[in-house]
Amino acid sequence: MDSALPLWFEITSYAVLVAILLFDLFLVVRRPHVPSTRESAVWITFYVSLAVVFGLLIVLVANDSGLSGTELGLQFFAGWLTEYSLSADNVFVFLIIMAQFRVPKKMQQELLMMGIVLALVFRAIFIVLGASLLESYSWLFYIFGAYLVYVAVQQLREKDEHGSGEDNFVIAWLKKVLRVHPEWSDNDRWRTMVNGEKFLTPAILVLVSLGTIDLIFALDSIPAIFGITTSPFLVFTCNILALMGLRQLYFLLGDLVDRLHYLGHGIAAILAFIGFKLVNHALHLNELPFINNGHHVEIVPEIPTWLSLVVIVLTLTVAVLASLARAQREESAK
């Protein structure tokens, strides 16, 4: 199926989404503060509504262009929901990073926002490379699928081991080559004075930590969304809209992450499902000579996008409801 939306729509979409992202960044830098629960909820509602409206626009524009609007719309919503759920699971790691470097509450918003912008740059590179490679080498779907199943198993085995708080090699190296003092300055987020000497604050280390962590996250999320759609435009816009609300999600879910005990299980199930979908898709495109003599394998029908969306929504719903039920039982037992 041709999934190329009109060029004017893609360019306009990128321009509007980037403008909203930059405006959000401007607000954060201009007025650093700790957002209230109400403020976070309002922003999340705005970004979720934006994603819904954008998905409906895709359907309308695609239909007007002679494309399958329903199929492209389903691909967008399934991809966005997958990316958003993975982002929610990553909030716990961000909490560890902020606690490790003792980041002042009022500075967390700005650093998170800068980390999100950095993440989008990294993901754009990954998406362009991934799309071109998958177009040229369909057998990569086997690797992506198998990798996602592996990640799903690891997610189940290590669901309680989000991180030890130890420095990765990049942070350890930066601590050696830069003059970084562990104390934060009240007046300057990047530099501080200690006994008359100038030092960098840990802000640079936090920013690099967020960037490197997102590179690791991208190794899971990018193959996962390519299992839903191979359109670079849909993949990137799903990532933009999922990451846009991540900052507010961090503050809203910060105190709730420990209550969502089964979220990791749900995400593992989604990754395993998409991994199977990728392998099945690879079999339908098979050209490897040692599999069915290089012919396509179509024993199992292709999984339709609407079914992927249903599986993702049901899995997340069950995971969240089961988590809340467990949390309620634990509170009642105290």
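Cβ atoms here come from the backbone N, Cα and C positions, even for glycine.
Any TrEMBL annotation is an automated prediction that lacks curation.
Record features, source TrEMBL:
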TRANSMEM  6-29  transmembrane segment
TRANSMEM  41-62  transmembrane segment
TRANSMEM  74-99  transmembrane segment
TRANSMEM  111-131  transmembrane segment
TRANSMEM  137-153  transmembrane segment
TRANSMEM  199-219  transmembrane segment
TRANSMEM  225-250  transmembrane segment
TRANSMEM  262-283  transmembrane segment
TRANSMEM  303-325  transmembrane segment
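For the transmembrane segment (111-131), the neighbouring stretch richest in Cβ pairs under 8 Å, chosen from 74-99, 137-153, 199-219, 262-283, is 199-219. Against the transmembrane segment (74-99), stretch 303-325 shows more Cβ pairs under 8 Å than any other of 137-153, 199-219, 262-283, 303-325. Beyond its flanks by at least six residues, the transmembrane segment (303-325) meets 71, 74-75, 77-78, 81-82, 85, 228-229, 259-263, 265-267, 269-270, 273-274, 277, 280 of its own chain at Cβ-Cβ distances under 8 Å. Only residues 6 or more beyond the boundaries of the transmembrane segment (262-283), in the same chain, are considered here, and those with a CB under 8 A from a CB of the stretch are 82, 85-86, 88-89, 138-139, 141-142, 144-149, 151-153, 155-156, 159, 220, 223-224, 226-228, 291, 296-300, 302-303, 308, 311-312, 315-316, 318-320, 322-323, 326.
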